[in-house]
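Accompanying notes for the structure given below.
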Amino acid sequence: MFKGALFDLDGVIADTSTLHFEAWKKLTDNYFSAKLPSDLEEKTKGVSRADSLKVILNYLEVSVSENMFQQLLFEKNEQYKESLKQLSPDNILPGVATFISELKQQKVKLALASSSLNGPLILEKLTLAEKFDAIVDPSKVENGKPAPDIFIAAAQSLNLQPSECIGIEDSIAGLKAIKESGAFSVAIGTNSDLKTADLHLSTTAELTFAAVRTAYHQ
C-alpha cells in the first residue's frame, strides 16, 4: 500500500493551465504583436515559468536581454495572479475533492509537487491547503521537470521514499519526472504519450482511491 500521494497542480487539481497560457498569449501579443498557436500550450505545461518562456521565445525566434527576460517573467506572473483572484472551490476538477478526502481517510500523506510558484495561493483559493502535509517550493529545486527532483523532494518532505508514493500528473514532462523518481505514476489526459504511465486515466472523474489501489497492487 502506498503511503504518500504527490500531486501536480495545473490540470490535476484545478484547470489553471489554461490561465497560464492565456497570460502568455496576452504577453506575447503586447510585446511582440504575435499570436501563439494552441498546440504550443502542451509544450508549456508542467515546466517552470522560465522554461515556458524559453519555449515561447524559441517559437517566435526572438532573443531578449536578461533584464527583458526577467521583466517578461514578472509581467506574465502578474497577469496570471490577477486571473487567480476569481478562483474558488468551484474550479476544483471533477472527482478530485472526493479523491483527496479518500486519501486522508486512508492516512495517506499528501504533498504538492508543482512547478508553479503560486501553488500555496491556489490551494488557499481552492480551500485545499489544510489537506496537504507539505508543499515543495519549486524555486529551491535544482532541476525542473522532466527531471525527477521535485517529486523526490516531495517524497522527502513526507519522510518517505518515492517508491512508497504515487505521483499524479497531466503533462508529459511531469510523467517523465515521476517515472525517473521511482514513484508509481498516474497520468491524466488524452495525450497518447501519457499512456506509458503505470495508471492512465482520461479524466480526473476516473481518479478514485479504489482505482489507484487496484493498479498499484497489480
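Note that Cβ sites are derived from N, Cα and C of the backbone, with glycine treated the same way.
Heads up, TrEMBL stuff is auto-annotated, nobody curated it.
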Co-listed substrate-binding residue [TrEMBL; alongside D8, L9, D10, W24, S52, K76, S114, S115, S116, L117, N118] among K140, K145, K176, K179 = K145
Pairwise Cα distance maximum in Å, substrate-binding residues per record: D8, L9, D10, W24, S52, K76, S114, S115, S116, L117, N118, K145 | 21
Given the Mg(2+) site D8, D10, E169, D170, its other Cβ neighbours within 8 Å of the Cβ centroid, in chain order, are L9, G11, V12, S17, K45, G46, S114, I168, S171, G174, I188
